[in-house]
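Taking it in order: structure first as structure tokens, then the write-up.
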Amino acid sequence: MQSSHNFFKYKNVVERQDVKKIETTYIPKKKEINFLNSDENINFFDANTQTDESRDYQSVRITQFNLELEKMKKKYHQVIKKERDKFFKELRLIKENVIESSYQEGELLKKEAYQSGLKEGRLDGYEVGKVEGYQAGIEESEYLKKNALKIIEEAKKEVVTYQKEKQSDFVNLASIMAEKIINKELSLNEIELSDILQPVLNKLDKDNNFITIFVTKSNFESTKTYMQKVKNEFPSIKFAVFVDDSLELNGCVIDTNFEVIDLQIRKQLDLMVLDITKGELNE
């Protein structure tokens, strides 16, 4: 036990000088001590040892209880699952039996109603069927005629579409063939190049204009010769002829002070094909 001297702080202790000192003496009474006989067993109780053993015993019992509880749970779940499966199986069988019985009863009623209606309406049904059959034949005939006309119209549209597609192919093919023929003619006959230049030069201003002509190397000399003839006819004309390797075969470009005229055969044919195609679409 902590002494009062250490328990209280000095600042909390009130000292009094007038306190008197009182001394008392206590003498306990003597009791007789009865010792056990030597033949009696003496059992000593160890509190610490007994506590550990009790704790181990309780732990073992709790573990056993938990194991038994888990076994009971599993057994309980198995019983519930078994009963549930049995219940749903019986319920499914009942449902199937009800559906089958209902179906059989429905088929029987349908058959009886059909037989009854067949007997009662055989004569009336013959006349009604005759009229209805005739009307159905007329309607079927009208349907077939309309369907045939529809098929014919669709076939016509397909033919027109096919013709337009093929016509476009034919025009493109014709332009390619024309390009090859023109290039062949220009290669064989140098005079043909003048037929390309002359219509354009006739429209150009020859007095206040400088005309630059770009041609391929193969047409350079023939173009210079032709332009010299033009100068002899129109002395005031100013021109120059250059080689442009980027031009296509027999290509020609005329550059003036006012405009650039591309006379390359492929481009001219492409423009012609474009005009033809636009005309077909407008139709």
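Positions of Cβ are set from backbone N, Cα and C atoms, glycine also.
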Listed range which TrEMBL flags as coiled coil, given the options 82-109, 138-165, 194-221: 138-165
Arithmetic mean of per-residue pLDDT over the domain 'Flagellar assembly protein FliH/Type III secretion system HrpE' (146-270): 74
